[in-house]
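Sequence annotations record features per position, and here TrEMBL assigns compositional bias 'Pro residues' to 498-509. For 510-522, the entry in TrEMBL reads compositional bias 'Low complexity'. According to TrEMBL, the feature region 'Disordered' maps to 493-540. Look at TrEMBL and you will find 12-31, 65-87, 99-121, 173-192, 212-230, 251-271, 283-301, 362-380, 429-448, 460-480 tagged as transmembrane segment.
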Amino acid sequence: MGIKAALPRYELYVYNVVLCLAMLWTTRWIFDVSSSNSNRKAFKTTVQPGWYYFGRKMDTADIEWMMWFSTFREHIIFALSGHVLFAKICSMLAPQYKAVVYMAYGMLAVFTSMGWAYITLILSHCVLLYSISLVKLRWLCFAAGLTTLATFKMEPFISWQTGFVSGSFELRPILFYGGCGFTIMRCMSFALDNCERKDGNYSILELLKYNFYLPFFYFGPIMTFDKFYIQVNKPNLSRKDGEMWNISIQALLHLAVITIVAIIFHFMYFLTIPSDMKLLKHISDWALIGLAYFTLVYDWVKAAVMFGVINTVSRLDHLDPPRPPKCITMLYVFSETHFDRGINDWLCKYVYNYLGGKHDDLLDELIASLCTFGVATVWLGPSWVVFIWAFLNCFGLNLELWTIKFFTMEPFISIEMALSESMSRRIRAVLNTFNFWTIVLYNVLALSGLDFAKIVAKRLLLKGFPFTTITVMFVTYCLIQLIKEMERRQALIDDPDPIPPPAPVPPPTNATSTTTTVPSTTQIDAAAAQPVDTNKEKAE
């Protein structure tokens, strides 16, 4: 009973039609709300004049997106272009020193943008955590790293450290916190990997080369030290056939997505509308639920594009960076939920998998997930919204595991074995439908705030019951089935003949068959994410 169970074609056609109509309907409602309320007082600060040839205003509520692709676009392009140019020259003249050149250019760029005091602050943290790593005690490295990270999240330590950076450069606060936060996470990765090294220690030069690699310095993603060390020191700089073509296609794809998002911002203000509580009380249920869904999809697109641009540059340096996050539309289990695969890989390697072991014991899983979300809370910055988000996702993750364990017991396993594979898939999809909206609501809480999440939950579950609730759940059920169909086809491509041929010798008469269910594992999102063990199979 699993991923390769097929459904009739006509049933899948119905699901496609229902989903397309629902998406068009919701999009139209959000467009109407945006058009009829573009001049509201609450919109004045975030809905600004857009492109001249559209003749419409543009949603500019996302400061991070506007910074990357509008306000400071030239600065970012200039810095990354310089890195690519120096890296190319070095790879042609002295490839054995390429990591040192990456470090030197990165330090120069950081010094130019933030000043010598900021460089000194970063170096002091690097030296501190490097010194502690020489003791080779994991708990001490963790304690020092998390304590240092907490100093950038709590007063009065924040004010004291920000005093090292002077000037009124508008981008400096973002660069300050981004560079410091990612530096601590990279230093912890270095220290923990150094603890695992049996022969000697890594040099501090390796740490500096790892930390000051410019494409990853300010905005991530995080690549764990062991992977970076191996890849940046590869002597062979040859590329596979078609690799440069693929990199070029990815760059053009990111450019196209940036353009499309900018166009959408002129017609749908789904980032600004959630901040106007008075307007939210008067819009339709479908428009409100569509806002919640579109907000999450946009956050995934932003993460995929921003990390994708950086990853394109790093792939030119012969690195294999963390992949983009999985689309929120494809998530219907907690074990797959994350928005930053780099943070996710970091948490899995050093916390979740280290404490959780094989993830087959409920107590170990509970401890591992609690510690994982504890570290994630420090990373995101302690606040009531973060605490609530972490608790709900940790609870949902463990409840999912407990439910899987429960339904692999008798008589449930016998009942499922008696059902057809297609019927088993339908029942699982019904359960996954509720999971999907639980994931959506939990992450809307982190992205749009508690008030917006409460309004969406009330409309979906209370005020909109039964019509809106049942309709939304049915549309979501159609979405889940289409996702499962995509996964089924991908599984057939990866393993076209999963059932081995019969053995030449018949089995003994008293042989019994067993059924094993692979438990789900957890993931985390960095703008908002959960931990996942990517080396294990996903339990459907």
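Think of each number as a place in line: the chain as shown, counted from 1.
Including glycine, each Cβ sits where the backbone N, Cα and C put it.
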Surrounding residues of the transmembrane segment (12-31) on its own chain - C-beta under 8 Å, 6+ positions past either end: 267-268, 270, 273, 283-284, 286-287, 289-291, 293-294, 474-475, 478-479, 481-482, 485
Any contact, the transmembrane segment (99-121) to the transmembrane segment (283-301), with at least 3 Cβ pairs under 8 A: no
Listed stretch, out of 173-192, 212-230, 283-301, 429-448, that has the most CB pairs under 8 angstroms to the transmembrane segment (251-271): 283-301
Tertiary contacts of the transmembrane segment (65-87), as residues 6+ beyond its ends and Cβ separation under 8 Å: 98, 101-102, 105-106, 109, 113, 170-171, 174, 214-215, 258, 261-262, 302, 306, 309-310, 313, 316-317
Leading contact stretch, 173-192, 283-301, 429-448, 460-480 vs the transmembrane segment (212-230) - CB distance under 8 Å: 173-192
Positions whose Cβ lies under 8 angstroms from the transmembrane segment (460-480), at least six residues beyond its ends: 14-16, 18-19, 22, 285-286, 289, 329, 332, 429-430, 432-434, 436-437, 441
